[in-house]
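According to TrEMBL, the feature signal peptide maps to 1-19. If you look up TrEMBL, you'll see 213-236, 281-303, 315-340, 352-370, 376-398, 441-462, 474-501, 513-532, 544-567 marked as transmembrane segment.
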């Protein structure tokens, strides 16, 4: 525990250094670089293209700024615009270039204007956005497309630091073939008292905190936790108490014992089969180990984001996620190896490989399809080959060895069978029960309450990632909701497992896993609803990105919740069967 605490502390400190923006200070007349990034249709935020995919004037030599691994994976491609900006020096009006319009350029600009294309610039790591142009309606059926030719940049500064950027447009000019447009810009500098630490506050949406529904959902989730923990406690303290009392009797006569055996029913009858190894043990061990790793991963990333304010730097969350995933691979191997060994598994190579590669390969398969579509469209959302190689190297030389090491350690340190009941040689037949006690029904119902506990937070997460609510920054809320999700998932799965065992069905391992994992099914159904009712997304690229990355997210949620549900049910079952005289 002490070493785990040390690791958590060191990781958060490192993440804070990673997430904090580089403190930039300027002297008067120092050059300030304006980086152009990407352009995209307003309704499709992830259908991004290079800024110079639009027929603007390009610099003679292209100077890229790569924002690290997270920046590239986030679909950023910063290029030096070569626009001359000096610190604290106003520019009244200066020409960028002369743009001569031909039929091809006009067609591109008209398409961009009709689809409300926006573009993104960066100055000192502060983003600014603007639109390509506008449409003037003269009469029905006759519209004129006008291109914004003048960019007015307002920069607030506090002593030697840039605090705030604002971009506005002037002088829209109609698009006419053969016409030459003078593309210009101006710069105005204004002093401000806002501190450097507060400069990102303008990008944060206070709606997260001001909305009463957000607070109500958290309160509702907490009440749900209290109710469910009370329900589980009632099962443990009241429902099981009589069973324990009967099994604890030592001086009963033979007639009483025979009567008890005849009347006995429910979970007590399966004590000889309840610890029988589940089917597909290698796969089961792999998903449980991966889920334990993902639970640790999410906790570390949330804590790092909370303390490190990662919204202040491009790609910090993604970079932290990848590094954290690689470093926590030991946990997946340890949990999987111990579980596989305790159930007398023999095919160790299969178990080790599945644990190390199952979730990464699933994500890689989805990502490969999405990347192929992005390359076909020419989008900068396509991940370059070099970045793919870097991610593969991290997995091959850090994640996989740690997972294999964890498997060996788990096998030797926690792999000794310690079941409280002996497993019988002949499996007990499972009687037919009512439809609502079937494993499939319990599995589907099990995810409803966990999903209900995170339903409102799902809206804010989807709104932040798939629309323009900018940065998700309420990581305190997210941490609380994550803890609530874990508790609700464990409680619901324990209740479902208890009713399954009462139906004399001892195949509880996969049922407990799927009962908790079905939360991801409801998250995906909500994603379908959100796509159709809350967005105006269209086109193959945006649609595939939306449902592809959402599928990747739901796979992670399902494996995480499934592992947590199983581990909670396993502790519950060991507790109740450890308190009776099984043999």
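Glycine residues also receive a Cβ, built from the backbone N, Cα and C atoms like all the rest.
Curation plays no part in TrEMBL annotations; they are all automatic predictions.
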Answer with yes or no whether the transmembrane segment (315-340) touches the transmembrane segment (474-501) by the criterion of at least three Cβ pairs under 8 A, sequence separation 6 or more. no
Cβ pairs under 8 Å with the transmembrane segment (544-567): which stretch of 213-236, 352-370, 376-398, 513-532 has the most? 513-532
Report the listed stretch (213-236, 315-340, 352-370, 441-462, 513-532) having the maximum count of Cβ pairs within less than 8 Å of the transmembrane segment (376-398). 315-340
Under 8 Å between C-beta atoms and at least six residues away from its ends: which parts of the chain pack against the transmembrane segment (281-303)? 8, 11-12, 317, 320-321, 324-325, 328-329, 331-337, 339-340, 343, 345, 347, 350-351, 354-355, 358-359, 475, 478-479, 482, 486, 509-510, 513, 556, 559-564, 566-567
Out of 352-370, 441-462, 513-532, which stretch has the largest tally of CB pairs under 8 angstroms to the transmembrane segment (213-236)? 441-462
Are the transmembrane segment (441-462) and the transmembrane segment (315-340) close, by which I mean at least 3 Cβ pairs under 8 Å that are 6+ residues apart in sequence? no
Using a Cβ-Cβ cut-off of under 8 Å, list the residues of the same chain that are 6+ residues beyond the ends of the transmembrane segment (315-340) and lie near it. 11, 15, 18-19, 67-74, 76, 281-282, 284-286, 288-290, 292-293, 296-297, 300-301, 304-305, 308, 348, 351-352, 355-356, 391, 394-395, 398-400, 402-411, 413-415, 563
